[in-house]
Structure formats: structure tokens, C-alpha cells
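Q: Quick one: this structure, given as C-alpha cells, is what I'll be asking you about.
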Amino acid sequence: MALNVVILAAGKGTRMRSDLPKVLHPIAHKSMVQHVIDTAHSIGSDAIQLVYGYGADKLKSTLGEQKLNWILQAEQLGTGHAVAQAIPNIDDNDTVLILYGDVPLIQASTLEALLAARPEYGVAILTVNLANPMGYGRIVREQGKVVGIVEQKDANPEQLAINEVNTGIMAVPGNALKTWLDRLSNNNAQGEYYLTDIIAMAHADGVEINTAQPQSAIEVEGANNRVQLAQLERAYQAREAEKLMIAGANLRDPSRIDIRGEVTVGMDVMIDVNVIFEGKVVIGNNVTIGAGAIIIDTEIADNAEIKPYSIIEGAKLGVAASAGPFARLRPGAELMQDAHIGNFVEMKKAVLGVGSKAGHLAYLGDAQIGAGVNIGAGTITCNYDGANKHLTVIEDNVFVGSDTQLVAPVTIGKGATLGAGSTITRDVGEDELVITRVKQKHLTGWQRPVKIKK
């Protein structure tokens with residue numbers, strides 16, 4: 001029995017006041033619908049039907065080449081009509097799981113519980129109890145059993161008092177779904193084909209209907225405007241921050257951290273305020289991350305430190321390495337064990353060897369730097385000739401004086417010393433001292449010009 005997921009994503013989202021389709025608005029730098037797609041994949045879906053309408057080109061360009069079946073709903077005539085568009089891709093023996101592209105926080109564990117609750121030949125619906133159920137369809141029960149769902153606009157006063165509401169998420173057998181959708185009517189206050197009407201049909205047909213509930217109501221909340229979108233963003237961030245703390249991280253203020261990807265932490269990690277994580281970030285034990293740091297697709301080993309306001313992207317930090325404050329590691333940068341870069345140092349496609357240091361004001365690009373090297377302030381690897389990038393090699397125990405330019409391709413041998421202010425254009429041998437700056441002159445009796453009075 002295959003798991004066939006139908007994701008409804010056809011709405012325009014007028015209240016968003018945006019040209020972007022509603023489901024493409026982001027939570028943690030990922031579209032709402034992508035969150036739903038990822039969750040569907042995580043529970044082992046065999047097929048995903050994406051029912052779309054408004055903004056087709058933007059949807060397809062954003063979601064790209066994913067394992068999706070694209071189903072056009074040319075007219076938006078209700079949720080039942082939307083699901084009906086996917087019927088040609090649904091087999092009788094499928095379990096059909098219906099999800100919503102603007103409900104991004106639904107958890108895999110909740111969907112697994114819903115699927116487990118579905119009887120072999122029956123239906124399972126996800127419900128939630130709300131203190132204020134205004135706007136939601138009410139779950140109607142008789143002697144504890146679900147007999148139907150009534151929408152807010154069609155409910156009588158007794159039904160409006162019900163606190164258990166429909167989330168719209170349900171698991172239905174494929175053959176029964178086809179039968180019930182064929183029987184839908186739009187004879188209601190909205191003039192739409194309600195998917196929820198199939199629950200009353202199931203009851204009338206003697207089909208068993210079970211329910212499940214999410215751990216938190218926030219899982220099933222959607223976003224119809226930017227205020228609600230921001231609320232979902234905060235809820236998502238709170239959930240991700242909690243995961244980090246449970247895994248072993250101390251967050252200075254859990255409400256002031258942004259997680260926009262997958263972050264793995266070791267034990268005794270200290271994270272200060274206003275840190276942003278993007279992409280895949282792996283953090284070892286006893287790592288310290290200072291305030292305002294931005295860390296993207298990076299691996300950080302045990303005992304490393306990222307000081308405040310550093311930007312680290314596509315980089316690796318070895319054991320006890322440190323960067324910052326105000327440092328920048330660009331893709332391909334690596335700090336080996338005990339290596340250090342300080343304020344206003346930038347590295348790209350460069351390796352700084354074990355125990356080597358670049359304390360301040362340097363650019364190290366396309367460089368292989370050995371162990372025990374000192375990079376003076378103002379050092380620049382001149383790696384670009386206007387057309388191609390070239391490699392600078394600095395071997396172990398080299399001392400590079402301040403304000404030195406190394407014009408690549410160039411190799412500096414072990415133990416060499418480069419005098420401050422030098423421009424190095426040729427290879428330097430081991431243990432050599434190289435000074436290329438102009439010889440200092442002393443002009444005695446020099447008369448400094450004075451300002452002419454007007």
C-alpha cells in the first residue's frame with residue numbers, strides 16, 4: 001500500500017499583499033511549501049502530488065527539479081475540487097495523505113501518528129482543541145464517534161460551541177476518496193466543494209473514522225498574512241532553539257537566535273545573542289560563538305571559538321582554532337588546529353596551518369600556509385591577475401612582516417622572513433631574509449612647507 005501525499009498549494013494569498021504565491025513565502029529562509037515537501041519525504045512518501053494554481057512559473061522555478069507531480073487547479077473551487085484534480089495520479093490501494101502548502105510547521109511525528117491511527121479501511125483526521133475555534137470547521141461527534149465536520153459559516157449555535165476543530169489534514173484510502181469526491185456538492189454558504197464533506201459521507205457509509213492530534217496547535221496553523229507568517233517564524237525558531245539546548249548548547253537568549261538550516265551541536269556549546277545559522281552547520285564540543293556571528297555551511301571542531309560579528313561561510317575550523325572579532329572566512333577557508341585569525345582578516349580558498357596566526361587586517365586568498373606561520377598586519381596575497389587566480393604557498397615557520405604583498409604564483413620556503421613593506425614577486429628559499437622596500441633616506445634641515453596666509 002503506497003503512501004501518496006497530496007499538497008494543496010494553489011492559493012494566491014491576497015492578504016499577503018505580494019506578487020509571490022502564498023506558499024513561497026519563507027520560514028527560516030525556506031518556502032512554506034518546501035517545509036511541507038521535506039516533511040512528506042521524511043515520512044517515506046512514495047509520491048507527492050503538488051496541486052498548484054496562481055504563480056505557476058515562480059513555483060516551478062523556486063522548487064526546481066524535485067520529485068513532484070505537478071497538478072494544475074485552473075479554478076479555485078474549494079479544497080474538495082483541489083484534491084479531485086490529483087485523482088488521475090491516485091491508485092485505489094493508495095493511502096492518500098492530504099497536506100497544505102501554507103501549514104509549514106507540521107511535524108513528521110504527528111503525521112506518523114495520524115497514519116498509525118487510520119483503520120485499515122477507514123479514515124484518520126488530524127484535529128486540535130482550541131480555546132478560540134473561530135473560523136475553523138468543527139468536529140461533530142455522536143457518542144464519541146466522528147460523524148462529520150461543519151464549517152464555521154454553516155454551523156448552528158450548538159456546533160459553534162465545539163472546541164475540537166478540523167485541521168484539514170487527513171489520511172484516506174484511495175478508492176473511497178474517489179467515490180466520495182464524485183459525490184461532493186457545492187450547496188453551501190461558500191458555494192465551494194468542501195473536502196471536509198467526505199467525513200459525513202464516510203460516516204454514512206459505515207466507514208470507521210479515527211482522529212489524532214498534534215503535540216502543539218502551532219503545528220497546524222497556517223499563514224494568511226505577514227503577521228501570521230512572522231508568528232510562525234518565531235514559533236519555528238523557538239522550536240529549533242529548544243532542540244539545540246536539549247542537544248547540549250547554552251543559548252544566552254533563546255529568543256535571539258536564527259536557525260535557517262540544519263545545525264548539529266556537541267556538548268557545552270556557548271552561543272551568544274543574535275547569531276545566525278544557515279545551511280548545514282556542525283559544531284563540536286566546548287565551542288564558543290560570539291554575538292552577531294553569521295555561520296553558513298561550516299564545520300567547527302572541539303574547543304574552537306568564533307568571536308563577535310564574524311562571518312563564516314563554507315569553512316572549517318580545527319580543534320581550538322579561533323576567528324574574529326570581525327573576521328571573514330569565505331568558501332574553502334580552513335583554520336587548522338590552534339590557528340587564529342583576528343579582526344578584519346579575510347580568507348578564501350586558503351588553509352592556515354597548525355598554530356599559525358594572522359592577527360589583523362589581512363587578505364589570504366588561494367593560499368596554502370604551513371604551521372607556525374606569523375602573518376603581519378596588512379599582508380595581502382595578490383592572487384588575481386585580471387583573468388586567473390594563482391596559488392601562494394607559505395611553508396612552516398615563516399614570518400611575514402606587516403604590509404607585505406605576495407604576488408602569486410609564489411612559494412615562501414620554510415623559516416623564511418619577509419621584511420615589513422616588501423612586495424614579493426619571486427620564490428623565497430628556506431631561512432632567507434627578503435626585504436624589497438626602498439632604502440630609507442634622511443634629509444637633514446628639511447623645511448616643512450607652511451600655509452600661506454590670505
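In case you wondered, yes, glycine gets a Cβ from its N, Cα and C as well.
According to Swiss-Prot, the record shows the following:
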BINDING   8-11, Lys22, Gln73, 78-79, 100-102, Gly137, Glu151, Asn166, Asn224, Arg330, Lys348, Tyr363, Asn374  UDP-N-acetyl-alpha-D-glucosamine binding site
BINDING   Asp102, Asn224  Mg(2+) binding site
REGION    227-247  region 'Linker'
REGION    248-454  region 'N-acetyltransferase'
ACT_SITE  His360  active site, proton acceptor
BINDING   Ala377, Asn383, Tyr384, Ser402, Ala420, Arg437  acetyl-CoA binding site
Q: Hey, how far is Asp102 (Mg(2+) binding site) from Ala377 (acetyl-CoA binding site), Cα to Cα, in Å?
A: 51
Q: Looking only at Ala377, Asn383, Tyr384, Ser402, Ala420, Arg437, the residues listed as binding acetyl-CoA, what is the longest Cα to Cα distance in Å?
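A: Overall maximum Cα spacing for these binding residues reaches 22 Å.
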Q: Cα-Cα separation of Asn374 (UDP-N-acetyl-alpha-D-glucosamine binding site) and Tyr384 (acetyl-CoA binding site), in Å?
A: 23
Q: Rounded to the nearest Å, what's the C-alpha distance separating His360 (active site, proton acceptor) and Ala377 (acetyl-CoA binding site)? Just drop the number here, would you?
A: 5
Q: Please report the DSSP secondary structure of Tyr384 (acetyl-CoA binding site), reduced to three states.
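A: In the DSSP reduction, Tyr384 (acetyl-CoA binding site) maps to strand.
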Q: In the region 'Linker' (227-247), how many residues does DSSP call helix, how many strand, and how many coil?
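A: Residue counts for the region 'Linker' (227-247) by secondary structure: 21 helix, 0 strand, 0 coil.
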Q: Taking 10 A as the limit, how many CB atoms besides its own sit near the CB of Asn224 (Mg(2+) binding site)?
A: 16
Q: Per 10 Å Cβ neighbour count, which of the binding-site residues Leu8, Ala377, Ala420 ranks highest?
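A: By the 10 Å Cβ neighbour count, Leu8 comes out on top.
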